[in-house]
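Swiss-Prot has this to say about the protein:
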| type | residues | note |
| --- | --- | --- |
| SITE | His33 | site 'Important for tRNA non-discrimination' |
| BINDING | Glu175, Arg221, His453, Arg493 | L-aspartate binding site |
| REGION | 199-202 | region 'Aspartate' |
| BINDING | Arg221, Asp222, Glu223, Glu486, Gly538, Ile539, Asp540, Arg541 | ATP binding site |
Amino acid sequence: MHAYRSHSCAALTAANVGETIRLSGWVHRRRDHGGVIFIDLRDHFGITQILCDPDSPVFAEVEKLRAEFCIRIDGEVKARAPELVNEKLPTGEIEVYIRDMEVLGAAGELPLQVFGDQEYPEETRLKYRYLDLRREKMQTNMMLRSDVVASIRKRMWDKQFREYQTPIITASSPEGARDFLVPSRQHPGKFYALPQAPQQFKQLLMVSGFDKYFQIAPCFRDEDPRADRSPTDFYQLDLEMSFVEQQDVFDTIEPVLRGVFEEFGDGATVDQQWPLISYADAALWYGTDKPDLRNPIKMQIVSEHFAGSGFAIFAKLLEQEGTQVRAIPAPKGGSRKFCDRMNKFAQEQGLPGMGYIFWRDQGEGMEAAGPLAKNIGPERTEAIRQQLDLGVGDAAFFLAGKPSQFEAVAGRARSVIGDELGLTEQNRFAFAWIVDFPMFEADEETGKIDFSHNPFSMPQGGLAALDGDPLSVLGYQYDLACNGYELVSGAIRNHQPEIMFKAFEVAGYGADEVRKRFGGMVNAFQYGAPPHGGCAAGIDRIVMLLADTANIREVILFPMNQRAEDLMMNAPSEPMPDQLMELGLRVLPQD
């Protein structure tokens, strides 16, 4: 017999009755009934009920066991009485009578219980992650992640992609986030960087003549934490192709992701048609570039109904350049209580409030109610109702000003309205491509022009477009949104040095700086670079959606906390003085 087990804790059935077996695992739960000790023994595969009566030669040792002791037992498989069969367990027809037991690893007092669904502070869960990972839900999440990655790899291979590994130590480059710098011992005063993405290397692969590339790539970014983003590192399905246009990339990645969501989506509907929505329309209709299309609400501009109206606040705002009034329709939201709650929500988000109109039954007709309705009058109110296609029991909310000042709040309000009114469809994965991103953006305070998205993207219109207004230039850049999350980001690359230098010049980077920062890629493009493009899909977010959790740390084995700390490994930590000396570094005191 094997030193530790003859079967897993999920393998024994009525067919094994009468056999002498060996199991190893953890004490999941222990119960004493009339002098008999019952133990649920757990391993990675499942649970088997074992019991020890006072006649057992190891009864005294079994009495000392506590939760999460790791043990090996030998025993005899016996059938449970019919009324004691547990149909919820694969092993529910049997139990094992202990004849021998060995403690493989004793357990101290537990900071968190593995058994049950009790909630614990996240700090506790992360500090004792090895205990947290023993819980069934966490094991399920991690196995799901492994299965998803394996499925992605197979689907990419089936599309004639091959996986290549790119360097983990490289040069720093401006790709939208802060770098993690690595000091060089052999070159004092100089630093490597952990790659924010394999961006330049995968493009260089295309220049090297490889037609298709993919990688399950680790990426490192020193970012502010969010529930859907790790503050230090993440994994992505990274891919690149030569001789492609934007639609070719869509046609490649769509069946891969659609297949993964159908395979692991637990029966949820997966949209078959993935619409293309311009960045401008996404901002207008949804207040975000990662809309949740399960929510049917579309915002609309209704400025004409307030211009010159009796509602002076909006009317005066509309006299200013670049302002508008935007409406958020709220089907079934027509109660003053709900409208007041949404107005309070806007105030909590930092806005003065949110105007509203709601429509109610009035005898044989319909009445528009709320302060706005009184101020703008029945004709304008009716025109708004018709434009928004609303009726009795419905409402509409209004925000005014420059879109940059209220758009994000409007998007969040749309989500809250959809959720609270039950409009957001459940058990569905709704995808949409967001396209036509602005190539550049201007700092609101300084007016400085910089890249808004990916600096290596091809501008729509090529070199000629860069001679005009930078803020009107669109890039061949695209994101894929699913249920309110950005899952994929990509672009058709700028493979022509002349256009690349011009694009960086618009963003304030001189030719010498471009050569210094991106010399490897710029030099490579002098030797016949093919048109190429690709994208990257976030593995962590894909699994997060499939696991039906809003916290990305639930699908990462050993995540950092929100302050970018690893409480289990005590990272970051202070270096030893001799390490700093060897690297030629000194830690300056912090104010």
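Numbering starts at 1 and runs along the chain as displayed.
Even glycines carry a Cβ here, placed using N, Cα and C.
Beyond its flanks by at least six residues, the region 'Aspartate' (199-202) meets 166-167, 170, 173, 175, 213, 215, 238-240, 454, 456, 518, 520-521, 534 of its own chain at Cβ-Cβ distances under 8 Å.
DSSP assigns His453 (L-aspartate binding site) to coil in the three-state reduction, placing it in neither a helix nor a strand. The closest partner of Gly538 (ATP binding site) among the recorded positions, by CA position, is Arg221; the full candidate set was His33, Arg221, His453, Arg493.
Glu223 (ATP binding site) carries neither a helix nor a strand DSSP state and counts as coil. Comparing the binding-site residues Glu223, Glu486, Asp540 by how many other C-beta atoms lie within 10 angstroms of each C-beta, the top residue is Asp540.
For His33 (site 'Important for tRNA non-discrimination'), the nearest neighbour among the binding-site residues Arg221, Asp222, Glu223, Ile539, judged by Cα separation, is Ile539. For His453 (L-aspartate binding site) paired with Glu486 (ATP binding site), the C-alpha to C-alpha distance reads 13 Å.
Distance noted between the C-alpha atoms of Asp222 (ATP binding site) and Arg493 (L-aspartate binding site) is 25 Å.
Of the listed recorded positions, namely His33, Arg221, His453, Arg541, the sparsest CB environment within 10 A is found at His33. In the region 'Aspartate' (199-202), helix, strand and coil residues by DSSP number 4 helix, 0 strand, 0 coil.
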